[in-house]
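Student: Encoded as structure tokens, here's the structure I'll be asking about.
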Amino acid sequence: MVLCFPLLLLLLVLWGPVCLLHAWPKHLTRAHWFEIQHIQPSPLQCNRAMSGINNYTQHCKHQNTFLHDSFQNVAAVCDLLSIICKNRQHNCHQSSKPVNMTDCRLTSGKYPQCRYSTAAQYKFFIVACDPPQKSDPPYKLVPVHLDSIL
């Protein structure tokens with residue numbers, strides 16, 4: 001029993017930061033957090049665009065993709081045929097056409113001085129969708145996770 005406690009403590013220390021990286025601010029719905037992280041109708045330089053996201057989480061996010069489209073258009077993808085997500089769930093949907101997007105990758109810095117590379121892309125995307133929460137827009141399904149870029 002004594003040997004188990006240090007091992008448990010080590011696991012908690014190692015897994016704690018991983019869990020924090022995937023959490024979203026609890027005062028936001030998952031759809032609203034998706035919109036903040038991934039919807040940017042007009043292209044912005046990544047250092048500027050990422051500062052808003054990093055201010056919520058208080059750390060430098062390693063990678064992020066901004067879709068240059070409206071939330072309404074991205075939410076419409078949720079009405080397309082369901083496909084299997086990376087996590088094996090069946091709530092993902094692929095865009096029917098490519099969209100302009102910006103890929104931001106952390107190159108240096110420590111919060112709040114995060115520095116990113118900026119790469120313009122024109123690709124398809126896959127989003128995970130869930131039923132809306134009370135304060136979400138009134139769609140049948142809303143995007144909650146950017147699962148992949150194709």
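Placed from the backbone N, Cα and C atoms, the Cβ positions cover glycine too.
Swiss-Prot lists His38 with the feature active site, proton acceptor. Positions annotated as substrate binding site by Swiss-Prot, on the basis of similarity to another entry: Lys61, His62, Gln63, Asn64, Thr65, Lys86, Arg105. The feature disulfide bond is assigned by Swiss-Prot to Cys46-Cys104, Cys60-Cys114, Cys78-Cys129, Cys85-Cys92, with similarity to another entry given as support. Swiss-Prot lists Asn55, Asn100 with the feature N-linked glycosylation site. If you look up Swiss-Prot, you'll see 1-23 marked as signal peptide.
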Student: Let me know how many other Cβ atoms fall within 10 Å of the Cβ of Cys114 (disulfide bond).
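Tutor: Cβ-Cβ neighbours of Cys114 (disulfide bond) within 10 Å number 21.
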Student: Under 8 Å between C-beta atoms and at least six apart in sequence, can you list the same-chain neighbours of Thr65 (substrate binding site), or say none if there are none?
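Tutor: Same-chain residues close to Thr65 (substrate binding site) (Cβ under 8 Å, separated by 6 or more) are His38, Met101, Thr102, Asp103, Cys104, Gln121, Phe125, Leu146, Ile149.
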Student: These are the recorded positions: His38, His62, Lys86. Which one scores highest on other Cβ atoms within 10 Å?
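Tutor: When each Cβ's neighbours within 10 Å are tallied, His38 leads.
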Student: So, in DSSP terms, is His38 (active site, proton acceptor) helix, strand, or coil?
Tutor: helix
Student: On the Cα atoms of Lys61, His62, Gln63, Asn64, Thr65, Lys86, Arg105, which are listed as binding substrate, what is the maximum pairwise distance in Å?
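Tutor: 21 Å is the greatest Cα spacing among the residues binding substrate.
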Student: Just going by other Cβ atoms within 10 Å, which of the disulfide-bonded residues Cys60, Cys104 has the emptiest spot?
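Tutor: The disulfide-bonded residues Cys60, Cys104 were compared, and Cys60 has the fewest Cβ atoms within 10 Å.
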Student: Reduce the DSSP letter at Lys61 (substrate binding site) to three states and note it down.
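Tutor: Note: Lys61 (substrate binding site) is coil by DSSP, not helix or strand.
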